[in-house]
Amino acid sequence: MGIVEPGCGDMLTGTEPMPSDEGRGPGADQQHRFFYPEPGAQDPTDRRAGSSLGTPYSGGALVPAAPGRFLGSFAYPPRAQVAGFPGPGEFFPPPAGAEGYPPVDGYPAPDPRAGLYPGPREDYALPAGLEVSGKLRVALSNHLLWSKFNQHQTEMIITKQGRRMFPFLSFTVAGLEPTSHYRMFVDVVLVDQHHWRYQSGKWVQCGKAEGSMPGNRLYVHPDSPNTGAHWMRQEVSFGKLKLTNNKGASNNVTQMIVLQSLHKYQPRLHIVEVNDGEPEAACSASNTHVFTFQETQFIAVTAYQNAEITQLKIDNNPFAKGFRENFESMYASVDTSVPSPPGPNCQLLGGDPFSPLLSNQYPVPSRFYPDLPGQPKDMISQPYWLGTPREHSYEAEFRAVSMKPTLLPSAPGPTVPYYRGQDVLAPGAGWPVAPQYPPKMSPAGWFRPMRTLPMDPGLGSSEEQGSSPSLWPEVTSLQPEPSDSGLGEGDTKRRRISPYPSSGDSSSPAGAPSPFDKETEGQFYNYFPN
């Protein structure tokens, strides 16, 4: 016991030679597949039981080899797993002075001084808009908005009365003690000792910065001091902070910070823990945390220099509503004076008598002539107008849209043809004054043409009756005049009403019946429907 057999090296150091296959058959290693130690005997194959260790140990569980997975020549004897030592598949820590494990698959070798599992590194990059100081973590709430302005070099307006910042400073704080009291304030410091000027579309340095300007450079949050739970409950906003260039400002000194124009500044957030009984003015470096965000740098100006910054302010600042309204009102007045474009069912020209002169630019089916008996009507696609009877002949459409008829006076001019192919400018057509009516009116129409009724002979002379316009509808003549003998020329020829016997004299005889007798009135009443 304790003597290592010759030809067998230490397995831990990797010096054990591979067993030779000479003189060994396939069944020679069957006795080595499983190892059964004798009671009270130690495992001779475990090199850790050698005399070099000097300490005995008790045997553990056996780990047999997987049957049938390897050939006999490649089967290694099993090794007992001892409590307190790594089992199969586990690794020993690297020995002292070793270089650790070699790099594998492109991964560098770990630092041996850091052990097998090195701890986290503290120099990792923080995400944008987040700063850490000790246990406190502060995030810039409107980081994305500040980044947009920072791409074009943020500008802040300063005035005598003071102007609020936009974007304003807003932070989210974490890591404070809920019951401790903290004081928060913002100060503004110079970024460099240069004077800036906007030239050729960019900001360039020109000369040295002016001397320190007297005035307030500190703005304390109105809620200070307060508990940590109060500060962490919601965002800490400095929206009431104002910037001014008035050196002798005496009003609202605590709400304004005095700056110089054309200088670059950097705002900073200070969080100071206030102890009980300690004055607010007293602060030490041990309980003060300062947070700086590079994207909040700005150049103080009295008027915006970069047009990109001006547009960003108008688009994102809710207080710039007046700028947007003035800009939009310049075009709103023009839009209101111009009528909206007509719809597809609206005719652009209102003068129907001159429609044939435009080569039928806006044709409308069944406009001047009645529709075919079997043709369906599209009540939506046809336009509707309310005009004189000589301009329209589709009374059914008015009834469909529930419009009341109204008689409008007809303007003098050429009449509209009611037949297909009729040309107003035909030679000899002239400009007739009397309207033309279709041979047969629609029985369902709401309008009935009016014709002239004879007047009382005692009310006026025949010349006045002949010159008076037609006001009464045409009815079947009692006795037609001799001039109306040509009835075969057309049904559309007008016929004059004469209740008296035909004669060459237009004056009525003394014994002629009155047109207002009962017999005469009955024939007029038969014309009108009940």
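Heads up, the Cβ atoms here are built off N, Cα and C, so glycines get one too.
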Next item on the list: Have a look at Y331, Y384, Y525 and find the one that Swiss-Prot tags as phosphotyrosine.
Entry: Y525
Next item on the list: Between the Cα atoms of K313 (ubiquitin cross-link) and S224 (phosphoserine), find the distance and write it as a whole number of Å.
Entry: 30
Note to self: So if I draw a 10 Å sphere around the Cβ of K313 (ubiquitin cross-link), how many other Cβ atoms end up inside it?
What the structure shows: 19
